[in-house]
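Feature list (source: TrEMBL):
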type	residues	note
ACT_SITE	Lys208	active site, schiff-base intermediate with substrate
ACT_SITE	Lys263	active site, schiff-base intermediate with substrate
BINDING	Glu248	Mg(2+) binding site
Amino acid sequence: MSTSSDTLSFTGPFPHIRLRRNRRHDWSRRLVAENSLSANDLIWPVFIIEGENQIEPVPSMPGVFRYSIDRLVEACREAHDLGIPAVALFPRTPEHLKDLEGSESANPDNLICRATRALKAALPNLGVICDVALDPYTTSGHDGILRDGYVVNDETVEALCKQALVQAQAGSDVVAPSDMMDGRIRAVRECLDAHGFIDTQVCSYAAKYASGFYGPFRDAVGTGGTLQGGDKKTYQMDPANTDEALREVAIDLEEGADMVIIKPGMPYLDIIQRISSTFKVPTWAYQVSGEYAMIMAAVNNGWLSPEKVILESLLCFKRAGAGAILTYFAVDAAKRLQQLK
Ligand code: PBG
């Protein structure tokens with residue numbers, strides 16, 4: 001009569017396929033890793049203010065600051081030394097320079113243009129990305145020109161072209177329209193080309209959703225109050241939609257975008273995955289201010305461990321197919337990655 005242990009010795013121990021074998025040792029886990037994160041994947045968004053020797057904390061984004069141009073150069077030197085390829089610049093425009101049309105956006109000596117010139121002079125090998133949208137400059141807080149309560153498309157696109165041109169003239173490597181007007185990528189491309197800026201890259205915020213996760217950013221650039229509870233739903237995308245994001249990307253590529261951004265990031269990994277696998281073009285993700293604030297709030301309460309969640313949150317973008325990530329954690333993450341080496 002066979003015992004149950006006899007039976008086991010014939011069939012072998014259960015189970016014979018063990019996925020945990022590959023996970024047992026660190027060297028093995030590293031060999032079987034399908035994705036990885038490095039400083040090369042990171043773009044650091046930075047806020048700029050007027051003045052000298054100024055560093056101002058952004059209350060809703062613990063650990064994030066607004067820098068005057070001199071301090072910006074210093075902070076970006078650190079980012080550059082850590083291997084971060086590029087920074088994305090966002091100005092906090094003094095209120096007295098704002099108007100209904102956002103005309104300060106086309107001033108060749110505005111804060112962004114001066115910051116760009118200073119950065120390119122000090123750190124020529126650090127990529128500079130400038131946001132193209134009117135919200136830092138309009139009294140309405142909208143990304144475009146408001147007429148009878150509606151952001152008008154074509155007139156805004158003309159203003160965006162002027163804005164992109166002064167940014168390119170200041171030395172910006174990449175201009176990044178984040179306004180969601182129709183037709184602006186082609187218009188900006190043609191305007192740059194006509195003025196000889198054939199090598200200035202155009203990065204389209206192609207799939208940008210009307211999201212609640214931008215709240216802390218609006219505090220940082222001082223547009224939250226002016227928007228007065230209003231929203232951007234007549235030009236930014238409905239969070240309910242996926243197919244429409246593919247259409248936005250297809251059109252912007254056709255119009256000449258060199259790369260596309262999806263925004264926000266973590267709640268939209270499905271969109272990143274679908275766009276990167278459909279188009280096979282440089283696809284960047286923006287882990288936006290509200291995502292940063294959410295993580296930092298939990299970290300500062302002791303509810304999440306920064307050692308674990310920061311790099312994990314960024315690696316997940318790589319898994320979803322993003323080639324690069326705009327993140328307020330860029331400098332912190334680059335330091336953590338260096339320590340892991
Ligand atoms: C505006 C712009 C926004 C962000 C980047 N560019 C905010 C908005 O659309 O209201 C948000 C970035 C963030 O939340 O980190 N053109």
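Glycine is no exception: its Cβ is also placed from the backbone N, Cα and C atoms.
Those TrEMBL annotations? Automatic predictions, nothing curated.
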Cβ-Cβ neighbours of Lys208 (active site, schiff-base intermediate with substrate) (radius 10 Å): 27
Between Lys263 (active site, schiff-base intermediate with substrate) and Glu248 (Mg(2+) binding site), the C-alpha gap once rounded to whole angstrom: 13
Rounded to the nearest Å - Cα separation of the residue listed as 'Mg(2+) binding site' and Lys208 (active site, schiff-base intermediate with substrate): 9
Three-state secondary structure, which DSSP defines for Glu248 (Mg(2+) binding site): helix
Other C-beta atoms that fall within 10 angstroms of the C-beta of the residue listed as 'Mg(2+) binding site': 22
